[in-house]
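Asks: Have a look at the structure that comes next, please.
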Amino acid sequence: MNINLDTYYTKRKNVFDRIHNSNNIEKTAMVVLMACLTGIMAQIIIPLPWSPVPITGQTFAVLVSGLILGKKLGPLSQILYFVLGIIGINWFGGATGGLEIAFGSNFGYFIGFIFASMFIGYLTEKYAKSRKLRNIIPLMVIANFICIYVPGLIILAIWFNVTQGAYPDIISLLVMGLIPFIIGDIVKIIGASAISKALLPKTVN
Ligand SMILES: O=C(O)CCCC[C@@H]1SC[C@@H]2NC(=O)N[C@@H]21
């Protein structure tokens with residue numbers, strides 16, 4: 001089969017431009033779909049007996065939301081995901097939802113989802129070269145391990161203090177909130193980076 005690369009690059013660019021020049025109804029639909037994708041990925045879950053934070057597929061959708069929807073709609077999809085989870089859709093990790101879960105141990109990760117999507121969205125929208133595999137991987141690593149984990153770990157430590165009466169030591173905190181997730185997060189980063197490599201144009205014109 002003869003694959004015409006030029007046609008592929010042109011189509012890819014057209015789809016990208018179409019997404020970024022969509023009307024309000026299309027934008028709303030894409031934001032809702034991305035919130036749904038995050039909710040679906042949250043059901044891929046491995047609970048950890050020693051931690052309130054499960055391994056989930058969510059971060060893949062979070063990173064992809066920034067890539068595909070950009071710096072405004074990407075984070076908006078994560079805000080929508082969070083708000084709809086509070087008011088009645090049980091689509092947080094393991095089919096949970098409601099105020100208590102949203103503002104519980106994992107609240108900081110939800111905040112981090114918004115930051116991570118904004119970070120990836122801002123850079124990939126502004127700098128076409130950032131979408132190349134060699135650039136997007138380190139950016140995804142920063143989005144994942146800084147944007148998500150800084151608020152995630154801070155709130156987890158505060159939650160621990162409120163529920164257990166003392167702050168956890170740093171090792172316990174990392175064992176609860178970071179270390180078990182590293183391998184899975186790297187797999188999701190590679191998956192999201194592959195989406196950037198395959199689907200996003202690498203030039204402005
Ligand atoms: O309760 C929720 O829905 C949020 C769960 C947050 C899970 C965090 S996100 C970063 C890290 N990677 C994972 O696979 N799980 C944790």
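Using N, Cα and C of the backbone, Cβ positions are placed for all residues, glycine too.
Below are the features I grabbed from TrEMBL:
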TRANSMEM  28-46  transmembrane segment
TRANSMEM  52-70  transmembrane segment
TRANSMEM  79-101  transmembrane segment
TRANSMEM  107-124  transmembrane segment
TRANSMEM  136-160  transmembrane segment
TRANSMEM  166-187  transmembrane segment
Asks: Take the C-beta pairs under 8 A between the transmembrane segment (52-70) and each of 79-101, 107-124, 136-160, 166-187. Which stretch has the highest count?
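Replies: The stretch with the most contacts is 107-124.
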Asks: Under 8 Å between C-beta atoms and at least six residues away from its ends: which parts of the chain pack against the transmembrane segment (136-160)?
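Replies: The answer is 52-53, 59, 62-63, 66-67, 104-109, 111-113, 115-117, 119-120, 123-124, 130, 166-168, 173-174, 176-178, 185, 188-190, 192-193, 196-197.
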